[in-house]
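In what follows, a structure is listed as structure tokens, so that the remarks can point back to it.
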Amino acid sequence: MDVGNWSQITEFIILGFPHLQGVQVYLFLLLLLIYLTTILGNLLIFLVVCLGSRLHIPMYHFVSTLSLLELGYTTTTIPKMLLNLLSEKKTISFSGCLLQIYFFHSLGATECYLLTAMAYDRCLAICQPLHYPTLMTPALCAKIAAGCWLGGLAGPVAEISLVSHLPFCGPNSIQHIFCDFPPVLSLACTDTSINVLVDFVINSCKILATFLLILSSYVPIIRTVLRVPSAAGKRKAFSTCSSHLTVVLIFYGSILFMYVRLKKTYSLDYDRALAVVYSVLTPFLNPFIYSLRNKEIKEAVRRQLKRAGILK
């Protein structure tokens, strides 16, 4: 396929929310507030875990890595969304669009792998507490985190390569709130069935496999918790993974419906709403889920604020 065929189009127009044109300024202010809260919340958790010596255990190393990941995940899409809300020319270059797709999917894949690693960590901690320190060593924790990053960054390479060789001759309006594979593929001037199939297979393997691994990790966790004699003991045992399970259900609940399908079976507004959930709301909620539901992180935040003189 000749690359020059699509050289006529050098940029795309991102339509965003066309039905909400009259409230663009209010959307901008709301999204800006969410973005700043997301950045500050995840940065706070990352710094608290790094600075708090009591939190230097594998579980919180994974939490800090997740917070760092969310910083990049939201920065991939939200700043451009904010710019488009106030700009009449809502455009993005072809290369910029591919870069946005790459980083969005690579960081999303990294989050899938990291949530799976966190489930495995909780499984070891609850089911094999006596052997946990020797099984989940700091070195192994670092290797797992590095493997999650490397696996995620390598994930979308094949899909990006296939899309980059497609001919795009018009129209160039992306029916979405940011660049993504499905809306971009719909603009190609050729048959994209191979691209759709590759995208479906990769996403299905990546999303379904990690989700099933997470569920399989919770089977022995639930069995172990149910064997605890007291109700207080059950609550204490399960409290260490309740935050993780909440994030998993929100994150996977949206991406499963968005990416594990061969055909477009839902409306554009439905797709936009799902995109808001996994690209905006999930990173926004993570700091609250991990801080409000975790006593150790709340105490660590309080200690750091006292050291900074913000609290007495």
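Count begins at 1; order follows the chain as displayed.
Here the Cβ of each residue, glycine as well, is placed from N, Cα and C on the backbone.
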| request: When you get a sec, could you say which of 123-145, 238-260 is annotated transmembrane segment by TrEMBL? | output: 238-260
| query | Can you say which of 25-52, 59-78, 207-226, 272-292 has the most Cβ pairs under 8 Å with the transmembrane segment (238-260)? | reply | 272-292
| remark: Outside the transmembrane segment (272-292), at least 6 residues beyond either end, the same-chain residues with a Cβ under 8 Å of its Cβ set are 17, 31, 34, 37-38, 41-42, 44-45, 63, 66-67, 70, 73-74, 77-78, 104, 108, 176-178, 180, 243, 246-247, 250-251, 253-255, 257-258, 298, 301
| task | Could you tell me what the rest of the chain brings near the transmembrane segment (59-78), counting residues at least six beyond its ends with Cβ under 8 Å? | result | 31, 34-35, 38-39, 42-43, 45-46, 49-50, 100, 103-104, 107-108, 110-111, 114-115, 117-118, 121-122, 125, 138, 141-142, 145, 148, 177-178, 240, 247, 279-280, 283-284, 286-287, 290, 296-297
| query | So what's near the transmembrane segment (207-226) in sequence-distant terms, Cβ-Cβ under 8 Å and 6+ beyond its ends? | reply | 112-113, 115-116, 119-120, 122-123, 126-127, 234, 237-238, 241, 245, 248, 252, 255-256, 259-260
